[in-house]
Amino acid sequence: MRYGEKEIKEFDVENMEIWPNDAKNDYIIKITLPEFMCCCPRSGYPDFATIYLEYMPNKFVVELKAIKLYINTFMYRNVSHEASINEIYNTLKDKLKPKWIKVVGDFNPRGNVHTVIECRSDMVVPK
């Protein structure tokens, strides 16, 4: 097993590395993860997406290697677009307890269908 495969396989989301946020100002962190992959729970075919993470930290920030490894754990999981983005959102919201957070999954088209899933802490039902 190669070292990257080993790191992904052994990654434990319960021990995701987070750091204290020492900044006194409010600010937004924007992270783009352009190589997200999961497998369709129906067909098993791979689905690819770019994940856009934005959050206003409170007391914690996520360490960048930790978010990379966490995202890579989805690589061989059979999970829907909706479930994967909601899981990422809930995990980061629970771990970081940010003042505000948004996670967007912009999935590559498959079968002429383009899906974008967005979860955000200030979600309002559209009228």
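Positions of Cβ are set from backbone N, Cα and C atoms, glycine also.
Taken from Swiss-Prot as is:
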type: ACT_SITE; residues: Cys40; note: active site, thioimide intermediate
type: ACT_SITE; residues: Asp47; note: active site, proton donor
type: BINDING; residues: Val62, Glu63, Leu64, His81, Glu82; note: substrate binding site
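Using Asp47 (active site, proton donor) as the reference Cα, a 10 A cut-off selects Cys40 from the recorded positions Cys40, Val62, Leu64. Cβ-based neighbour count (10 Å, all protein chains) for His81 (substrate binding site) stands at 19. Ranked by how many other Cβ atoms sit within 10 Å of their Cβ, the binding-site residues Val62, Leu64 place Leu64 at the bottom.
When the Cα atoms are compared, Leu64 (substrate binding site) and the residue listed as 'active site, thioimide intermediate' turn out to be 26 Å apart. Of the candidate binding-site residues, Val62, Glu63, His81, Glu82, the one lying closest to Cys40 (active site, thioimide intermediate) when CA atoms are compared is His81. Residue pairs drawn from Val62, Glu63, Leu64, His81, Glu82, the listed substrate binders, are separated by up to 25 Å at the Cα level. Around Glu82 (substrate binding site), the C-beta neighbours below 8 angstroms that are at least 6 residues distant in the chain are Ile117. The 10 Å shell around the Cβ of the residue listed as 'active site, proton donor' contains 21 further Cβ atoms across the protein chains shown. Within 10 Å of the C-beta of Cys40 (active site, thioimide intermediate) we count 14 further C-beta atoms, all protein chains included.
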